[in-house]
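In what follows, a single structure is set out as structure tokens and then discussed.
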Amino acid sequence: KNPFFSGLTAMEKKLAEYKCNTNEAIQLKLVRFPEDLEDDNTTFNPEYSHQVFGDDEVAFGYKGLKILLYYIAGNLSTLFRIEYTSKVNEKFDCVEADDVESKIREIIPPGFCTNTDDFVSLLEKEVNFKPFGVLLHTYSIHNEEAGEDITYQIYKADMTCPGFREYHERLQTFLMWFIETASFIDVDDERWNYFLVFEKYNKDGATLFATVGYMTVYNYYVYPDKTRPRVSQMLILPPFQGEGHGAQLLETVHRYYMSSPTVLDITAEDPSENYVKLRDFVLVKLCQDLLCFSPVKLMQGFSQEMVTEAQQKLKINKQHTRRVYEILRLRATNMGDAEQSRSYRLDVKRRLIGPYKKKQRELAKMRRCLRPEEMTNQLNQIDLNLQREQLEESFQQLVSDYRRVLERLAQA
């Protein structure tokens, strides 16, 4: 047996013990009371850390690594500390541990605390923290655990609000942990709007505010005198997810722009699946009472009237209006009736087949330009059966998404 190889595996085994999954190592908290620091129930972890620690989401060189990033619930003053039980040593192990600290420092703004005492003394000043900007909307949600209604508020802020620039720098670090392709925005561009959600809570008889989430919207200029706001980032912090804040925020933002005569319609940049589901719900909720979406008109098919009314009254673009129409038509359709269900299926599939048709037109064009021997058989024959299967699959998936939107609507 070659001692070199057995030695290597022992060494490898040892080094393998010094690898930590960074999604588990990073411990986040939103702190309201000093006792939250010791309470594991208030801790949450990132969904992603690849932007900071590479695609493997691994930090090398530590055992029992903990990367503590604790935030005061309202103004997000930060405590950053690293703890571990042991660390590889360059002299002894001939390898160097990852510089975890500098990787984190790259994304969190300077001015954080490094020890708990400083952090707790900042926590006492939190009573002075007030939301930034103009109040747009107040709503309440019944909390089972607390056995009471909790009040939330949505504000529109901008960089002229004192202290907001620094606060936003702390807030945006959460994007790295919860949005797969997050990037920081250029806050010096004045075309950004910021919408913030806060929870009101009580502490020693005073009313305090905790950060729940936010949305950034960029106002694109449209010739000659209009703008087209585009939702860029939206994040509801994990402790508040699944409570309906995203829908409140998106609806409030829509209502804010609806009142502006210069806004054409609202779009979104590279929306996630979850965002599309949220948007479907909010837009259907806004549209369902428009006359152009009455059951009789839905059954007559998608119309220009729907496009015009949704855009003028609710700032919804054509593509999103089409989805709203399909969802509302599904609600008005008796899918148990063969004729109604067939008519609905054909209507939706006609839209879904658009991209396939386009592909076929492009192929036909290529055929005219290329000599036959240059055309492979593969290109020659888009398999129609496959196309039908894919189409049916897309349709079924869509209908099940739509049904979920309608269920949520029925409960709203």
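Cβ coordinates are placed from backbone N, Cα and C, and glycine is handled just like the others.
A C-beta separation below 8 Å, combined with a sequence spacing of at least six in one chain, links GLU269 (active site, proton donor/acceptor) to TYR218, ARG230, VAL231, SER232. Annotation source TrEMBL lists active site, proton donor/acceptor at GLU269.
Residues annotated as domain 'Histone acetyl transferase HAT1 N-terminal' in TrEMBL: 18-180.
Predicted-model confidence for the domain 'Histone acetyltransferase type B catalytic subunit C-terminal' (279-330) is 96, expressed as mean pLDDT. What TrEMBL lists as domain 'Histone acetyltransferase type B catalytic subunit C-terminal' is 279-330.
The annotation site 'Interaction with histone H4 N-terminus' is assigned in TrEMBL to TRP192. In sequence order, ASP158, MET159, ILE185, ASP186, THR216, VAL217, TYR218, ASN219 constitute the residues six or more apart from TRP192 (site 'Interaction with histone H4 N-terminus') in its chain with CB-CB distances below 8 Å.
The residues of the domain 'Histone acetyltransferase type B catalytic subunit C-terminal' (279-330), classed with DSSP into helix (H, G, I), strand (E, B) and coil, number 41 helix, 1 strand, 10 coil.
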